[in-house]
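Asks: One structure is given below, represented as structure tokens, and several questions about it will come after.
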Amino acid sequence: MKKLKLHGFNNLTKSLSFCIYDICYAKTAEERDGYIAYIDELYNANRLTEILSETCSIIGANILNIARQDYEPQGASVTILVSEEPVDPKLIDKTEHPGPLPETVVAHLDKSHICVHTYPESHPEGGLCTFRADIEVSTCGVISPLKALNYLIHQLESDIVTIDYRVRGFTRDINGMKHFIDHEINSIQNFMSDDMKALYDMVDVNVYQENIFHTKMLLKEFDLKHYMFHTRPEDLTDSEREEITAALWKEMREIYYGRNMPAV
């Protein structure tokens, strides 16, 4: 896409929001409580603040204010307001490619925010526990928040990820013509690294004319030991392993497809 010469500030709002899910099997009530306590501590407000602050560093944003809170009995939220500094538009990379992990992108944000909320969850029947984190990066200016996608998914190791990206508003060029998007995009997947794409099965649902892009990700490899909390698969009987594997896989598919599925 040819670079635009704008009249005034770039008024496009670009929003990236995604849910990540971590699934676990905890055999007893004590193990379920232990998992919730573990995941709640792992992703407490301080840790989330560190992750989001690094995200700001990656995309070149200046932090104006941080609001964070841990909740009882569990959960946390962090919201960061960020601002823009003058930047040479010639230095802005608008091509479709994966964003960096810890590297710096020369770009800045204005009237923008980054926020995360966590939702640990379990049920007394079945032993299944889930952890969900909702993250939103909303920017107003020249850079797309998709540059932060790679880093965030790597930091929050996930079994399932659902991602939405949308562009709203318009900006004008020097001739007064409106532009409703200022960069090329045909898939969120183009902003992911090859190693990430190798780990997940992915499907897109995009509405190009509305500048709405959606990608769902499901971890390809299933290893039962990674889903057990304080229980080793080798300590279970064959039938127990099969039953737990089926329950976990059903849970993951239901979350991935967003609907309840019949028992197989």
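Glycine is treated like the rest: Cβ placed from N, Cα and C.
Swiss-Prot lists these features:
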type	residues	note
ACT_SITE	Ser112	active site, schiff-base intermediate with substrate
ACT_SITE	His117	active site, proton acceptor
ACT_SITE	Cys140	active site, proton donor
MOD_RES	Ser112	pyruvic acid (Ser)
Asks: To the nearest Å, how far is the Cα of the residue listed as 'active site, proton acceptor' from the Cα of Cys140 (active site, proton donor)?
Replies: 21
Asks: Please report the three-state DSSP label of Cys140 (active site, proton donor).
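Replies: Note: Cys140 (active site, proton donor) is in a strand by DSSP.
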Asks: Rounded to the nearest angstrom, how far is the Cα of Cys140 (active site, proton donor) from the Cα of Ser112 (active site, schiff-base intermediate with substrate)?
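Replies: For Ser112 (active site, schiff-base intermediate with substrate) versus Cys140 (active site, proton donor), the Cα atoms are 6 Å apart.
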Asks: CB neighbours of Cys140 (active site, proton donor) within 10 A?
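Replies: I count 20 other Cβ atoms within 10 Å of it.
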